[in-house]
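What Swiss-Prot records for Gly24, Pro25, Val26, Gly27, Ser28, Gly29, Lys30, Thr31 is GTP binding site.
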Amino acid sequence: MNAPALSPARRTKKLPPLRVGIGGPVGSGKTTLLEMLCKAMRERYDLVAITNDIYTKEDQRLLTVAGALPEERIMGVETGGCPHTAIREDASINLEAVDRMLSRFPDADIVFIESGGDNLAATFSPELSDLTIYVIDVAGGEKIPRKGGPGITKSDLLVINKTDLAPLVGANLDVMASDTKKMRGERPYVMTNLKALEGVADVVAFIEKKGLLMV
């Protein structure tokens, strides 16, 4: 039996919750970004998080162990198939997860939804996500921005993570920045070293400004 959807009468805040989708390839730093965002924003905003894995709930466990949010505010979804499908073509499993979390926490300000690791073609359904953040990492090589794909060209914010690894993999950050601007036009991007918290404040500021949380 499906969990009940959020009842509008239970929500006391005027604005609906902001749904932020976080996507990107396996190992790019999606879960780390989600952890850092939760820790940076939890004192000011009411947060819940939903993670996607194909056959496990490992990302949910990692966030819980890291103390990103209280355990009851983190839900793991086992998609059992292509992670792209679960956030785009048939997002019903995630839409139901959002409803379940909002039935528990009706005054949530932000619902973070982390996709399972996927390729550069992954995008979020507009029914599921209001803002999309796509994470790639320098370890994949400086060519990654040039490869394009909806995640790189159409996401609301592109995060280029693991900048500290550039010297180790022979990647030129200036080239990556230039290619990113060519591929994205005026759409913003942030270079980060999430383990050192570098760039996290910029991502938070983007969410607050673009999501109108500061109004």
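Heads up, residue numbers simply count up from 1 along the chain you see.
Backbone N, Cα and C atoms are what each Cβ position is placed from, and that goes for glycine too.
Location within the structure of each feature annotated in Swiss-Prot.
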residue : record           : Cβ within 10 Å
Gly24   : GTP binding site : 27
Pro25   : GTP binding site : 19
Val26   : GTP binding site : 10
Gly27   : GTP binding site : 14
Ser28   : GTP binding site : 25
Gly29   : GTP binding site : 24
Lys30   : GTP binding site : 28
Thr31   : GTP binding site : 24
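Within 8 Å of the Cβ centroid of the GTP site, not counting the listed residues Gly24, Pro25, Val26, Gly27, Ser28, Gly29, Lys30, Thr31, the chain contributes Gly117, Val135, Asp137, Asn161.
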